Amino acid sequence: MNTFRVLKTAVTDVAATTTQPGATTAARTGVLNLSKGFTVQTPNFLAPTSRGVVPHISPDNFERNTGVEGVFVALEDFIEKAPQRIPPLYTYPSTLRSFISLPSSAFLLLSARRSPNITCPKANSDANLSILTSVGFRDLPIKDYVSAVIRLEPDIVLGIADIANTVSPGKNRVQKMVNRTVKWLDELLGSVYAGGSSSGGGDNNSTDEKDTVKKLPAVFAPILPLEKERQRFYLSHLVENVEKLSGLVFTTNESVDVVPEELAGLPKLQSDVVGGPHQVLEMVERGVDLFNVGFVGTMTDAGIALHFSFSADEVMDNGGKDKLDLATDMWDVKFATDLSPLEEGCDCYTCKTHHKAYIRHCLEAKEMTAWVLLQIHNLKVVERFFGGVRRSIEEGWWEKGRSGFEVKYTREMPVGTGLGPRLRGYQYKSVGGEGKLNEPAYRSLDSGDEDGL
Amino acid sequence: MAQQKAALSFDLIAKCSVSRARASTMTLPHGPVELPMFMPVATQASLKGLTPEQLESLGCRLCLNNTYHLGLKPGQATLDAVGGAHRLQSWNHNILTDSGGFQMVSLLKLAKITEEGVRFLSPHDGSPMLLTPEHSMSLQNSIGSDIMMQLDDVIATTSPDKERIVEAMHRSVRWLDRCIEAHKYPEKQNLFCIIQGGLDLELRRECVKEMVKRDTPGIAIGGLSGGEEKAKYCAVVRTCTEMLPDMKPRYVMGVGYPEDLVVSVALGADMFDCVWPTRTARFGNAVTSRGTLNLRHASYAADFSPVDEDCDCPCCRSKENGGLGVTKAYIHHLTGKETAGAHILTMHNVYYLLDLMRNARQAIIADAYPSFVKEFFGKIYKYDTAEYPIWAVDALKTVGIDLTEA
């Protein structure tokens, strides 16, 4: 059984409520028990993956040097363009977890697409989702996703939302979005619960059936990026099926506010966290439990080291002066001979073993080790941050911690100045006419017309 | 010629009773290493995406850094400020550095060699620069490598210019003298000489005589692995090892194909380095006991077997046995698309070569090296002796190993 239990809701600070009458916080801690034996304390984060790996982190490093508890894996990363060939993953005799050598300590969430993802030029159809493979766009039949879910045995599976390519879809498109998302969710639920009890919970079934139900993946239903009224039909469908749902997922911050009361007990996943820790805190405040932290990899690729923490420290507000940066660009030449760790007191492998000078050297020399070391550290910073957030709610200092964080740190992440790892086709969408995104590695010294080396 | 100080001790453990293969232990400033051995190349103070912790876990205790690259980035001033390359990369084991001369020739179009040194254009701003034996020593002293290489006059073995080859050999000897003179820390860094002389065996003999007189702590055979015929390569190695003192380590530079290693060990060489295993890993090529596999090939897309079934590296070992259980299909899926794919395969390839030499050492100690060599070739060529490379069969015959006999 996949269950979620809210442990504690943050206490609203009396001082804060007097200035803002009626203000309440939805921040909460909880525990998500997944049927395959994972216990996840929330709020918590998932590390995004690309082609099944947390970027730059080989599975041995994952196990030894990170505390990542869950990963976000997209099926589109495993599908090839040519439709005539069966994706190798579909013929793999074991689970997706085993294919990507995921350490047994981490749970696996399967989504059809990455998050955030690249908008496909072709719209979805009733039976197909448009996806981006490593070599181009194609259709992913919904039925393929549904059957892959059974075979690949993820711990959590996301329902597919039909999201319009336009920012404000018209009435007809919205209706289509709602209808398709309902249909696709039903197909997924039907497949997941096939053989199990149709009522879903399984509590009243015989022991045999109970065992089957026990191994089922947790289904997280998408909330559409629409106003509440426009997806009313869909939301009521979710309420009707609440027994079969183990969570909710959404991509925009606003979507959390459309969740009906009946679904409030489900864990909520924000799958598109690109804004950094301030966005996380804002969403924790609004009751979000799980975060797919896309910003971490972006910072790592830019050669930026994170260093922020969530604490109960007393912070003086001096009008925004002397705010601390959330992160530092390690390309800066001032680190060339700096033998201090990325963050004083950090116990990650990178900080325990290496210094800024080495990381700066590896960036400058475009050695892949730079991103490995930064990613290990950055993931550790985020892990500690979420630990702090959970403690604050448990111990009753959430609001103090949150306002302290606001005062202590600048809002914006630094902008990278150096070159990241080589960009791949599946990481951006060509709009035509842009120059080369990757600089050539070698150039002839004396003339432009002959090859160097 | 004054006796050279050495910062190493060399213990010969065993010699093959048939071939010239030797097993030895060399104790360097950062601990002992077991020979014969392969040394992976961490060109710019990092082994292509691996952390020092990972490299250590593969059993590596001596890796290379390139003087030329470290001289450019991070530069000598930074190296001095940081306190050397060990400190820079947090590597507490041994480091060997080349002299920087090879990259002058391999990477740069306009390298001009005079008696003074190597003239080249700075890749930073195009300004003319000069690498002299003294400058090379100074750089390597700043790096603090456990083994330093002399600056030598490198030319392609395939060069048809006989006179130039003779000149290069003699100049390399003269440069060695300048290097010895300029080396600041002989008590904590070992300077190895490099035997030159192209493919001319007489020249090589002459060079060995001159170099051995200088009594450096170790001896390298250089100028090979530049596209010469394998038979000629073997003849040079054999000619040199014949004359070299037993009690010094012998390093054949730039060699990394498994077959070359196994044959060269039989010919009496102890140490090898090459970028090939790590570079080819980034292209998706796996070095295995059954030959090199190009895992980018579509036929591996749905091959769910380990990269090498006989390999005990962290990637190939099954999950049940505490490994990662990585399949060929997964490497195929990642190659050229995710850096971690390169990291995984780099680990495997480095482990394979380290382990090949560890097993060779065990075989030498057990005085079973000839059968080790036979099994090694047998596995790659499915025991079809007709498929065995002729150069290997011939070279091994000269040291008493007959691959074709059962």
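Yeah, the Cβs are placed from backbone N, Cα and C, and that goes for glycine too.
What TrEMBL annotates here:
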DOMAIN    B:20-380  domain 'tRNA-guanine(15) transglycosylase-like'
ACT_SITE  B:D98  active site, proton acceptor
BINDING   B:D98, B:S99, B:G100, B:G101, B:F102, B:D152, B:Q196, B:G223  substrate binding site
REGION    B:254-260  region 'RNA binding'
ACT_SITE  B:D273  active site, nucleophile
REGION    B:278-282  region 'RNA binding'
BINDING   B:C311, B:C313, B:C316, B:H348  Zn(2+) binding site
For B:D152 (substrate binding site), the three-state class that DSSP assigns: coil
Spatial separation of B:F102 (substrate binding site) from B:C316 (Zn(2+) binding site) - C-alpha basis, Å: 35
Rounded inter-Cα distance in Å - B:C311 (Zn(2+) binding site), B:D273 (active site, nucleophile): 21
Additional residues around substrate, ordered along the sequence, whose Cβ is within 8 Å of the centroid of B:D98, B:S99, B:G100, B:G101, B:F102, B:D152, B:Q196, B:G223: B:M149, B:Q150, B:L151, B:D153, B:V154, B:I194, B:G222, B:M253
Residues B:D98, B:S99, B:G100, B:G101, B:F102, B:D152, B:Q196, B:G223 binding substrate per the record - widest CA separation, whole Å: 16
Additional residues around Zn(2+), ordered along the sequence, whose Cβ is within 8 Å of the centroid of B:C311, B:C313, B:C316, B:H348: B:P306, B:V307, B:D308, B:D312, B:P314, B:C315, B:R317, B:M347, B:Y351, B:Y352
Cα distance (Å, whole number) from B:H348 (Zn(2+) binding site) to B:Q196 (substrate binding site): 33
Among B:D98, B:D152, B:D273, the one of these recorded positions whose Cβ has the fewest neighbouring Cβ atoms within 10 Å: B:D273
Residue among recorded positions B:D273, B:C313, B:H348 with Cα closest to the Cα of B:G101 (substrate binding site): B:D273
Using Cα positions only, nearest of the recorded positions to B:H348 (Zn(2+) binding site) (B:F102, B:D152, B:G223, B:D273): B:D273
Distance, B:D152 (substrate binding site) to B:D98 (active site, proton acceptor) (CA atoms, angstrom): 10
Helix, strand and coil totals (DSSP H, G, I; E, B; other) for the region 'RNA binding' (B:254-260): 3 helix, 0 strand, 4 coil
Rounded distance in angstrom between the Cα atoms of B:D152 (substrate binding site) and the residue listed as 'active site, nucleophile': 17
Assigned conformation of B:D98 (active site, proton acceptor) - DSSP reduced to three states: coil
Stretch-averaged pLDDT - the region 'RNA binding' (B:254-260): 96
Separation of alpha carbons, B:S99 (substrate binding site) and B:D273 (active site, nucleophile) (Å): 14
Rounded inter-Cα distance in Å - B:S99 (substrate binding site), B:C313 (Zn(2+) binding site): 32
Close in space, distant in sequence - B:G100 (substrate binding site), Cβ under 8 Å, 6 or more apart: B:N66, B:T67, B:Y68, B:G71, B:L131, B:S136, B:L139, B:L151
